[in-house]
Amino acid sequence: MSSDQEMAIFGEAAPYLRKSEKERIEAQNKPFDAKTSVFVADPKESFVKATVQSREGGKVTAKTEAGATVTVKEDQCFPMNPPKYDKIEDMAMMTHLHEPAVLYNLKERYAAWMIYTYSGLFCVTVNPYKWLPVYNAEVVTAYRGKKRQEAPPHIFSISDNAYQFMLTDRENQSILITGESGAGKTVNTKRVIQYFATIAVTGEKKKEEPTSGKMQGTLEDQIISANPLLEAFGNAKTVRNDNSSRFGKFIRIHFGTTGKLASADIETYLLEKSRVTFQLKAERSYHIFYQIMSNKKPDLIEMLLITTNPYDYAFVSQGEITVPSIDDQEELMATDSAIEILGFTSDERVSIYKLTGAVMHYGNLKFKQKQREEQAEPDGTEVADKAAYLQGLNSADLLKALCYPRVKVGNEFVTKGQTVEQVYNAVGALAKAVYDKMFLWMVARINQQLDTKQPRQYFIGVLDIAGFEIFDFNSLEQLCINFTNEKLQQFFNHHMFVLEQEEYKKEGIEWEFIDFGMDLAACIELIEKPMGIFSILEEECMFPKATDTSFKNKLYEQHLGKSNNFQKPKPVKGKPEAHFSLIHYAGTVDYNITGWLDKNKDPLNETVVGLYQKSSVKTLALLFSGPASADAEAGGKKGGKKKGSSFQTVSALFRENLNKLMTNLRSTHPHFVRCIIPNETKTPGAMEHELVLHQLRCNGVLEGIRICRKGFPSRILYADFKQRYKVLNASAIPEGQFIDSKKASEKLLGSIDIDHTQYKFGHTKVFFKAGLLGLLEEMRDDKLAQIITRTQARCRGFLARVEYQRMVERRESIFCIQYNVRAFMNVKHWPWMKLYFKIKPLLKSAETEKEMANMKEEFEKTKESLAKAEAKRKELEEKMVALMQEKNDLQLQVQAEADSLADAEERCDQLIKTKIQLEAKIKEATERAEDEEEINAELTAKKRKLEDECSELKKDIDDLELTLAKVEKEKHATENKVKNLTEEMAGLDETIAKLTKEKKALQEAHQQTLDDLQAEEDKVNTLTKAKTKLEQQVDDLEGSLEQEKKLRMDLERAKRKLEGDLKLAQESTMDIENDKQQLDEKLKKKEFEMSNLQSKIEDEQALAMQLQKKIKELQARIEELEEEIEAERASRAKAEKQRSDLSRELEEISERLEEAGGATSAQIEMNKKREAEFQKMRRDLEEATLQHEATAAALRKKHADSVAELGEQIDNLQRVKQKLEKEKSEMKMEIDDLASNMETVSKAKGNLEKMCRTLEDQLSELKSKEEEQQRLVNDLTGQRARLQTEAGEYSRQLDEKDSLVSQLSRGKQAFTQQIEELKRQLEEEIKAKSALAHALQSARHDCDLLREQYEEEQEAKAELQRAMSKANSEVAQWRTKYETDAIQRTEELEEAKKKLAQRLQDAEEHVEAVNAKCASLEKTKQRLQNEVEDLMIDVERTNAACAALDKKQRNFDKILSEWKHKYEETHAELEASQKESRSLSTELFKVKNAYEESLDQLETLKRENKNLQQEISDLTEQIAEGGKRIHELEKVKKQIEQEKSEIQAALEEAEASLEHEEGKILRIQLELNQVKSEIDRKIAEKDEEIDQLKRNHVRVVETMQTMLDAEIRSRNDAIRIKKKMEGDLNEMEIQLNHANRMAAEALRNYRNTQGILKDTQLHLDDALRGQEDLKEQLAMVERRANLLQAEIEELRATLEQTERSRKIAEQELLDASERVQLLHTQNTSLINTKKKLETDISQLQGEMEDIVQEAHNAEEKAKKAITDAAMMAEELKKEQDTSAHLERMKKNLEQTVKDLQHRLDEAEQLALKGGKKQIQKLEARVRDLEGEVESEQKRNVEAVKGLRKHERRVKELTYQTEEDRKNILRLQDLVDKLQSKVKAYKRQAEEAEEQSNVNLSKFRKIQHELEEAEERADIAESQVNKLRVKSREVHTKIISEE
């Protein structure tokens, strides 16, 4: 636990993350009795805290905190943890681990708003339902780089750990955020993305691209902005969540090698399309609709031609229209800015809004039924005009396509009429399709924008998918979502419980396998395995006559009673019908299968789709352009369709994407975050125990903690452990001898003072218990700190000793000087000493004069030699200038060539990538070829059968040929007859279709009765079985128990055997996987090393050889395909002959059908009569409704009159009040009488229903007779349908073969072109590579020559050093310059060669890219052809669906006619009663009005919670308003008592009025709901205002934080500059010390020689003045020589080092390439074996299924529903309190923002002032030190001048001049050689440039040829399409002629 000071870095988030120091101390000092403090089970709260009173006989008596005394069993009593574990951050550290401890820890942390808690290896988060300040920028920086144990639990800590694992382990990571709907997954996903975008920023702005519009932000901005856009179009309000994700997404964030953001992409899964057109009452549609209508941007309202009222649009107003927690106006601005940041163009932005508005208008399209027809027609065109305008269509064409779509029948298109229901269904399907495709297109555009093409190495994936859902109405979408969650939970269980324990076994650790009972395979297999739910659904979709009922029956047959997870639900009143139930891990869900077949097939109106494709809105045309665009649109759904499938259903596509997701997750290292819902009412701070416990059990939280505590969650390889932790005890591992890593790790751990039971040694790794690795890290940090402090102490001691030695030397030298000075001062005034000073110079004056003369002569000679040397030097300088100019020119050329070589290297990398892609494509092609071969084999078998049949038919053909001449003469006459017959056939087909529909309706009714009968029989059988079982149960229990024991023993034996086999298989697989992992690690290391290498020429040669081999293989494959094409052509000709024979057979069958049609004419007449009667009844019904409306209008008028009269008579109300009170009791009695009369009416109604049932039985008998009559017709239609399907199948096969032939021919042409181009490219590449290899060899040869010359020059330099001895060494300076120039030129030429090679490679890659583009165009053609075939099948299915809908419509019409008949009977009775009681009807109507007005007052009474007495008093007050009518009412009462018959009539009227009153009550309830929603809306507006303020403050704080970050960066730069200046200062001080040492040495030498030179110096002063200038020049030359000598040494070292590194790199490159190839082959074989073993393991695991826990009790839900009303009031109060609190927080935040701004300004000023002053001080200090250095150098020069005044110096100078002449001649020769080499290099560079020009011309030529090839391909494609059309026309003509 960290202190409060350490938590200060988290700012205001600290109290929400960790307990304070004070709380921790209080918890430790809190009194606690471990024996008596317990949790006990409680029926209401699940568990409560209690104190044990006594323990007796296995039972415990305890007293709860509430004061109640309870007695429970021992197993229901759980010990409490000590107080120091309260609010513990990692629940795995608790002493007592059980459900109540985990529950109360989460509850106490949640009460303190600590929403994140570690649970072993993963994190648990509880939804706070409010905003918490734990996601600020300062929190992000605080978590950056922190270990898990160093910081409190947080989603940022999980994210940072994943980021650090990715960098250290070099492995892809994934973060799985799971939980039920409304648990907070989406919010946590956004926080993870925010964290990565903050810590891994690139800081680079994207370049502006012409295709995608202006760029508005960096990559991290775009990643963050993708969320608001996707949420606007993909999130909606549900019952459990205001911002529920209605689609799944997997966000991959890619990072470069340095850990910076490189790119990102998003994969989406299963958008809930049905929400576009339908919402439940408590839900609403997607946010974007309501954002647009929020009127934040009025220009959008005008552009989309819409209003701001959502209730004006049917598609978006079926549920709620506002959400309290969402500000639609603010969200609209966020969505709009996200569109701009993500680079959408203005046209794309407008088209997005237009298509969204068009979807809203689609919901308002109205259609009506034509009079006396079933055909639909538009009911007004205003809405259609708006929708068509927004979609760029013609409204007339749109309406025509909807009402009269064109359907393909055979080879012709037919216009088909649609009913109103069919048109509405088509409109809904189109709206959903437009919205879905637009959403997928937006995801694809976002991915395109986020793909920066930067190099990327690893990624972190974040999964946010819709949570587990249990609604009242659960459909196909909920099944897919729940299945996904089931798979993810299974992945979690497998990763946490199975793989973990398998690794222990594999590593040889002693471990007993623990079965946690968390296997979900049974439910998963029930859904996805063969003959599972999805399989049966897809099978039913393939049958055109399949219905929801047949689908349900198949499910029951296959799974009911056979699978424990599949059940038949019990009907519940008030809830929608459910057809089957599945027991999921999170509970039992009831599913309704209505419309699943249509949802799965997802049919569309093809005529409207054709209009969309021609739309003027480019985006809409792109969305529906075909499969090529659809594939591109499909967001994260990479890859096309599976081969061989004509179309793909929604469930198949969903499963394919889910399998891809699971594959991605298995290839990563997962990190789990479990989101928990605390309560169902979205109340902040409240936690429902049972709900949380259920989620903890389902999610495996307790099991995860247990395996974390029992197991070894941390592990590390032995070599890594030895390398990292060797520092803890280096003496444990002996130096100088090799020791195995495992043994070294064992010795190291054995020598450390830790608990040795906390770790285990495996075969390859050492395993640690939880927390031990953190302890080792702390020990390592402490040890490193000790070592560093010791090193620093030793360095400081050494420096102190050196300084002390210097001080001692200075002291001795000072003493020496003082002694000599004192001695001289004592003797200088002696007379003899003065005489000595005078005589001493005179003694040697003569000698000195001679010496001076000689020296003058020598001086003149040296002057002449110096002048000559100067002249030569000038000549050499001129030559050097010329050479420098040439060198600069060469450098420019070499630089250009280096650039080209760099380009060539990049192309080489791209070639490797394209090679891998080509290999993958070749594999796909081979697989397709194998499939085609299988299909070909099947076709050949069919062909042989057909040939046999043809041989039989040929005999008949011979006979027919004889009669053919006669038939041709009668052809013209028969053609007319045939036309008439075809028309009659069409009519008969329609009648047959109608009859079949009626028959199906009858069959369904019959089936329903059979089902009911079967259900009743099942109930009887179950009752009898239960009875017999209960009777036999007592007798059989003992026997069954013994049998169960035996069976259990047998099962345990079999289980042990299977476990042994499983373990063996698992061990073998784990060994293989371990080897694979090691190989992968080695491979990754080698790849990382290879990425840093520069030269890849040898790899290119190997690639070229492999490509040649592949080309040869492809050529052979093409030849085989050509042979197959020829065989297919021959089979096609035979098949055409067979098709003509079949068409003749069809004609014969049609003639038979015509004969059979006569038998059904009587039935047709009966049907016509029934239809006429039906139309008559419908007209009567319409007339009755008109009469009803007229009477209602008259009654309304009377009501208005009575209201006016009552208004005038208000004054009389007071007088008649007493009378009304008397009549109150009388009216109560009347009401009782009316109730009794109602009971009699209900009995009469029951009798009528019995009569209806008898009539229905008679009708069923008639239907059975009709079925017998139609059986013959059905047989004939079945034969005809079979023959038609066979003919269609043959025609489809022929079309497929045609397309296959054309495709193969195009593929052949493309391959031949590619082969020729690749041959040319290979030849050019081989030539270029040979030239480059030759150039490389010559360069190496030149390097060898230079190395030899360099060695010779070293010897010469040594001679010069010995000879010169600090003389004039300018010649050496020239020599070193020439050497460095030569080395630089060789390096520059090598770089130029590399650039040329890179340029060549770029050209080749471009050619390959163009070839790939051609191949992709061919693929798109093929996909288009497949899509056309799919669309044809979809059309047939839509026709079948339309027929089914027609059948349903007719059944409904029949039911309506029956009810109409009943209505007419009751209407006749009503008219009879009205005649008898017309005199009383007006009075009763007034009474009814008074009663209705009393019900109107009911709303206010309910709000005020008044009782029944108040309601009755209000009723009497309303009746009192009748005024003058009271006396008439008394008369009415008397007449009612007298006339009993009239009372019965009045009772019927009263029944109708009561029904009306019930409607009024419903309206009142609706109004109450509206008031409630209005209150919620106001609360939401307040919340939105508060959220807005919060967001504003957060933005301000974020801006302040960014400014602070910038200031921190500037301060860091200043510190870096300061450090650099300090380094320079240290160097200057070192130079100063060196100069001081030189000065001290000079002084010592000076003292030694001073005594000798005293006599001669006086005489030589005058003579040497002329030589001082020359000596100063010599000193300068010596300094230059020393500097040049140092440079030579450095250059020599660098040259040798680079040469060695180059050779090593080349050798490593060769080794790595060979290893890569070897590892690749091994890896492929290992993958294949792994797949086989995985399938075996999955089969073995399938035999060990466990029972899934049961779901929540329904009683708890009922209790929660009862308490909802009370909770609403409490929520209102809490929200008011929170709003006041947030208002105060707002003011505090504003004040803090101002303070922060003020502090920031002060910090900026201080930083600027402090930085400038410090820099100025450092610069002044540097200048002072430079001055000191210069002064010391001057002193040193003066000292050298004194030392060099000796006679031998002149002789040495003469000797040196002679040696210089020789060296100059030698250097002259060297210069000539270097010039010749430079010329040779120039020639090579010119040749390389010519070669690059030739390659560029070839590239342009190839590019031109490629463009011509593309044009030819387009022309050929158009010709093929024309020929196809012609062939179809010819085919139709042939059929019509036959």
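Just so it is clear, glycine is given a Cβ too, placed from its N, Cα and C backbone atoms.
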The residue range that Swiss-Prot labels region 'Actin-binding', out of 60-82, 221-243, 658-680, is 658-680
For the record in Swiss-Prot, which of the ranges 1009-1031, 1124-1146, 1515-1537 is the region 'Disordered' one? 1124-1146
Given the ranges 250-264, 760-774, 775-789, 805-819, which one is assigned the annotation region 'Actin-binding' in Swiss-Prot? 760-774
What Cα-Cα separation, expressed in whole Å, is found between Lys185 (ATP binding site) and Tyr424 (phosphotyrosine)? 36
Nearest of the modified residues to Glu180 (ATP binding site) by CA-CA distance, picking from Tyr389, Tyr424, Thr1285? Tyr424
How many neighbouring Cβ atoms, not counting its own, are there within 10 Å of the Cβ of Thr1285 (phosphothreonine)? 11
Suppose we draw a 10 Å sphere around the Cβ of Glu180 (ATP binding site). How many other Cβ atoms does it contain, all chains included? 25
Among the modified residues listed as Tyr389, Tyr424, Thr1285, within 10 angstroms of Ser181 (ATP binding site) by C-alpha we get none
Please spell out the DSSP helix, strand and coil residue counts for the region 'Actin-binding' (658-680). 9 helix, 8 strand, 6 coil
Relative to the Cβ position of Thr186 (ATP binding site), how many further Cβ atoms are located within 10 Å? 23
Using the centroid of the Cβ atoms of Gly179, Glu180, Ser181, Gly182, Ala183, Gly184, Lys185, Thr186 as reference, list every other same-chain residue with Cβ within 8 Å of it (recorded ATP site), in sequence order. Asn127, Asn241, Ser244, Gly467, Cys675, Ile677
List the Cα distance (Å, whole number) between Gly184 (ATP binding site) and Thr1285 (phosphothreonine). 53
For Gly179 (ATP binding site), write down the residues of its own chain that are at least 6 apart in sequence and whose Cβ falls under 8 Å from its Cβ; none is a fine answer. Lys185, Gly467, Phe468, Arg674, Cys675, Ile676, Ile677, Gln695, Asn699
Nearest of the modified residues (Tyr389, Tyr424, Thr1285) to Ala183 (ATP binding site) - Cα to Cα: Tyr424
For the region 'Actin-binding' (760-774), provide the mean pLDDT of the predicted model. 81
Using the alpha carbons only, what distance in Å do you get between Gly182 (ATP binding site) and Tyr389 (phosphotyrosine) once rounded? 39
Return one of helix, strand or coil for Gly179 (ATP binding site), based on DSSP. strand
Rank the recorded positions Ala183, Lys185, Tyr424 by how many other Cβ atoms lie within 10 Å of each Cβ and give me the one with the fewest. Tyr424
